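Now, the feature entries from TrEMBL:
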ACT_SITE  B:Cys94  active site, acyl-thioester intermediate
ACT_SITE  B:His385  active site, proton acceptor
ACT_SITE  B:Cys416  active site, proton acceptor
DOMAIN    B:11-277  domain 'Thiolase N-terminal'
DOMAIN    B:287-428  domain 'Thiolase C-terminal'
REGION    B:159-184  region 'Disordered'
Amino acid sequence: MADLMQILTSNPIARQLGVPQPTNLRRGRELPSGPVVLATAGGASALAREAVELLGLTPQDALVDTPQTRVTQTDDDGRTREVPTPYPSTIGAVVLDATALTTIEDLEGVRGALRPALKALEPSGRVVVLGVEPETAGAPTAVAAQQALEGIVRSVGKELRKGATANLVRVDLLTDAPTTAADLASTMSFLLEGRSAYVSGQVLHVGHGAAAHAAEVSSRPFEGQVVVVTGAGRGIGASIAETFARDGALVVAVDVPAGGEGLAAVANRIGGQALQLDITAPDAGERIAAHVAQRFGEAARIHTVVHNAGITRDKLLVNTDEERWGSVLEVNLAAQTRINAVLLDPALPGGLDDGGSIVGVASTSGIAGNRGQANYAASKAGVIGLVRAMAADPALAARGITVNAVAPGFIETEMTGKMPMATREVARRINSLQQGGRPVDVAEAIGYLAAPASGAVSGQVLRVCGQSQIGA
Amino acid sequence: MPDSPNPRDAVIVGGNRIPFGKAGGAYAAASNQAMLTAALDGLVARFGLAGQQVGEVAAGAVLKHARDFNLTRETVLGSALAPTTPAYDLQQACGTGLETVIQVANKIQLGQLDSGIAGGVDSASDAPIAVGEGLRKALLKANHARTPMQRAKALAGIRPGDLAPESPRNAEPRTGLSMGEHQARTTKEWGITREAQDELAAASHHHLAQAWDSGFFDDLATGFLRLSRDQGLRPDTSVDKLATLQPVFGKGEGATMTAGNSTPLSDGAALVLLSSREWAQERNLPALARFVDAEVAAVDYVSGDEGLLMAPAYAVPRLLARQGLTLQDFDYYELHEAFASTVLATLKAWESKEFCRDRLGLDAPLGSIESSKLNVHGSSLAAGHPFAATGGRIVATLAKLLHEKGAGSRGLVSICAAGGQGVVAILEGC
C-alpha cells in the first residue's frame with residue numbers, strides 16, 4: 001500500500017508544490033543513451049579511452065571550458081552572462097582520465113572538462129573520473145592533487161540530479177604491475193551501465209589481475225559457472241540469485257530449512273537448486289562442497305560464493321546479552337569464515353575454483369555504526385576487515401581469487417518496509433539519489449565484483465547506498 | 001551390486017515433504033492441492049528440475065473433495081514442473097503413498113518410464129463435508145428441472161432434517177467401528193501392554209526430535225506456512241507423562257490405547273523422486289536406494305477373522321519368501337505407527353509360533369527384530385499421519401538412511417491401511 005510519502009511524490013499536485021521527485025533510475029545492462037565523452041586532465045593518457053573502446057563504445061571528445069571558449073548568453077530580461085560552449089545535445093556520460101594529473105594547477109583541467117558536461121548530462125547520466133592511487137603518485141603535491149579528485153567526485157555526486165551519478169576509479173600505473181585497459185574494462189562497464197544505478201560518490205580501486213584468469217567483459221559472464229548464494233530465500237538474497245541466473249550462472253541457492261518455501265520458489269523461478277542448510281552448522285562448508293561435487297560432477301568447482309545470509313537482533317548495547325550478541329556475529333561473520341576456510345582448500349571436490357571470487361555482504365551500518373545495532377555493525381565491519389585481509393593474502397592472489405564486499409545502504413525490502421514511516425522516509429531521502437535502492441542494485445554490484453572480467457578488483461568494499469550521508 | 005531380477009533398476013533419488021501439521025493447526029486453511037504443490041515445488045527446487053518434464057507424477061489423497069477430481073494433474077499444472085508432465089491420482093487408504101511408489105517403480109523397471117514422482121497428501125482439517133442424502137437428491141432434481149416451477153417444487157421438497165451435513169467418519173463402512181476401536185480389539189487379543197505402547201510412542205518422539213535437531217531432514221523437508229517442524233512432535237514427552245493419559249479406544253479395564261500412543265489425524269504432503277540409474281546419472285543426481293520389491297495383502301476383518309490393521313503381518317512373509325530373505329536380513333525397519341500397538345501386535349505375531357504356523361502356513365516363526373533398527377528416526381506417532389502422505393515420508397527417510405549405511409544395506413517398509421489392507425516393500429541402499 002502506498003504510504004503518505006509515496007502519494008505525495010507521485011501526485012502531480014505535489015510535484016507542482018515542489019515535493020522532491022525521485023527519478024526512475026536506469027537499471028540493468030543498459031548503456032547511457034547519449035554519447036560517452038572523454039576528457040583528460042594533467043596530460044595525455046590512453047587508459048580510459050582503451051577501456052571504453054574495449055566495451056565497443058566510440059567516445060567523443062569532451063568540450064573544455066576555458067575563458068576563450070565561452071559564449072554570451074542573454075536571458076529574458078536582457079541580462080547577459082558568459083557561459084561555456086554548450087554541447088549540441090545531451091550526453092550520456094563523461095569519462096575523465098586524470099591519471100597523469102600531478103599538480104594543483106592540473107585540477108583546473110578537471111573543472112574545465114566537467115563544467116560543460118554536467119550541464120549536458122542526461123537523466124541517469126554518468127561521471128567517471130579515473131585517477132591513480134594517491135600514495136603512489138610521488139611528490140606531495142602529486143599526492144595532494146590525486147587525493148583532490150576524491151573531494152571533487154564526492155561533491156559532484158551530491159550536485160548531480162535526475163539519477164546521475166559520479167564515481168572515482170583509482171588504478172595502479174606507477175607500480176611494477178600496472179593496471180591495463182583490460183583490467184579496467186569490467187569496472188568501466190559497470191559504472192556506465194544501469195547496473196550501478198544506486199552507486200554514487202564512491203571510490204573504487206582497480207589493480208592488475210592475474211593474466212591466467214583474465215576474461216573479457218560479457219553480458220553473460222557466469223555462463224555455466226556454479227555460484228553459491230546464502231540467504232537466497234528472500235529479499236536481497238533472492239535478487240542476487242536471480243541476477244546471477246540472468247547472467248548465466250548455475251545457482252545453488254542456500255537458506256535455512258525454515259525458509260524453505262521461499263527458497264524453493266526462488267530456485268524454481270531461476271532454474272537453480274535449493275540447498276537447505278543452516279550456515280552455522282559445523283559442517284556447512286563441507287555440505288556445500290559435497291552438494292556441488294555431487295550435482296555438477298567431481299571436477300566441478302564453485303566460481304563465486306556470495307555470503308549474503310544475515311540476521312539482526314537489534315537492541316541498545318546496554319540491553320544486549322551474550323545470546324543476542326553472539327548469534328548475530330555467528331551468522332553474519334563467523335559462519336562465513338568457517339565456510340571460506342573449507343571451500344578454499346584447493347584439493348576439495350566442489351571447493352572454490354582458481355580465478356573464483358568471494359563476495360561478502362557488509363552494510364553501511366558496519367561503516368557508520370547505528371544506534372541499537374552494535375552487534376550487527378560489529379559483524380558487518382568484521383566482514384569488511386575479513387575481505388581486506390583475505391584480498392591481501394598472496395596465496396589467494398596467486399590463485400586469482402578475488403575477495404570483495406558490498407555495503408548496502410537503504411534498500412527497499414520487506415525488512416525496511418517494517419521501519420517506522422518517518423525513519424524510513426529520512427533514510428530514503430538522505431542520499432544523493434533521494435530514494436531507496438532496490439535489491440537488484442545490490443545484486444548487480446555483487447555480480448560486477450564477482451565477474452571473471454573483474455579479476456583486477458579485489459579487497460574492495462563497494463557501497464551501494466546512493467551516496468548516503470550515513471557513514472560517508 | 002547384487003543381481004536384480006528386474007529388467008532394470010528403479011532407484012530413489014530423494015524426497016521432499018512439508019512438515020506435518022496438526023488437524024486444525026498450521027495448515028487448517030490449506031487445501032490438499034496447496035500442500036501437494038508445496039511438497040512438489042520443494043522437490044523440484046531440491047533437484048533443479050524447474051521447467052523440466054518427468055515421466056509421471058502419481059499421488060493421491062484419502063480425504064478428497066469433489067473439486068479435487070484431478071488433484072495430481074492440477075498440482076503439476078500449478079507447480080514448477082513442465083506442464084507436459086503427465087499425472088494421475090491413486091487411492092489405497094493409508095497405503096496410497098507407498099502404492100504410488102510401487103506403481104512408479106514398476107513402470108521404471110519395465111522401461112515404461114525413466115523417472116517419476118510418487119506420493120500423496122491429506123488434510124484432516126480441510127476434509128470434505130457432503131450434504132445429506134435428502135438434500136443431495138433434491139438438489140440434483142432441481143438441477144435437472146426444465147421449468148422454474150419444477151425447480152421450485154424440487155427445492156420445496158427439502159426437509160429441515162436434510163440440511164445436516166455428513167462429515168467424513170474415521171470408521172470402517174462395513175463395521176461402523178473406528179480404526180482405533182478395531183485396533184483396540186487387536187491390542188487386547190495380542191495382550192499388548194500399556195507400558196510397551198507408551199515406550200514406543202516416547203521413543204518415536206525422541207528419535208524424530210533428534211533427527212530434526214541433527215539436520216537429517218534438511219534435504220527431506222521444506223517448510224510451509226511458517227511450519228518448519230512437525231507440529232505434533234513433542235520432544236519433551238516421556239513414558240511417565242504418557243502414562244497419565246486416559247484411554248480413548250477400547251472399554252473398561254483392558255483399555256490401553258490413549259491419544260499419546262495413537263497417531264493423531266494430521267495434515268501434510270510427501271513425495272519421492274524415482275528414476276532409472278541412467279536418468280539419475282545423466283543429471284548428476286544421487287541414487288539413494290534401489291526399489292527391490294513390494295507386496296500387498298488384505299485380511300477379512302469384516303467377519304472378525306483378523307484385525308483390521310494386521311494385513312502387513314501377511315504381506316511381509318510373502319515378500320520375504322519371494323526374495324529369499326528372513327525377517328532378520330534388514331538394517332532398518334520402518335513399520336508405520338498407526339497405533340503403537342499395531343507395530344507391537346505385528347511384531348508379536350511374527351514371533352508367534354501359532355500365528356506363523358496357522359495363519360501364515362510357515363514351518364517356523366519369522367522371529368524378532370532388533371528394536372534398535374526399528375523406526376530409528378521416529379515415525380507416525382511423532383510426525384503425524386496424513387494418510388496418503390505417510391508412504392512418501394517413510395520411503396524417502398529410509399532411502400536416505402540406507403544410503404548413509406552403505407551399498408547393499410536393506411530396509412523394510414510396512415504400512416497398514418483401512419479396509420484391512422497392508423502395503424509393504426523392500427529397499428536396498430545404493
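Positions of Cβ are set from backbone N, Cα and C atoms, glycine also.
The shown structure was predicted, so the numbers you read here are calculated from the model rather than taken from an experiment.
On the structure: features taken from TrEMBL.
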residue: B:Cys94; record: active site, acyl-thioester intermediate; Cβ within 10 Å: 31
residue: B:His385; record: active site, proton acceptor; Cβ within 10 Å: 27
residue: B:Cys416; record: active site, proton acceptor; Cβ within 10 Å: 31
> Using Cα coordinates, what distance in whole Å links B:Cys416 (active site, proton acceptor) and B:Cys94 (active site, acyl-thioester intermediate)?
Replying inline: 7
>> Rounded to a whole angstrom, what is the C-alpha distance between B:His385 (active site, proton acceptor) and the residue listed as 'active site, acyl-thioester intermediate'?
In response: 9
>> As a quick check of your reading of DSSP, tell me how many residues in the domain 'Thiolase C-terminal' (B:287-428) are helical, how many are strand and how many are coil.
In response: 58 helix, 33 strand, 51 coil
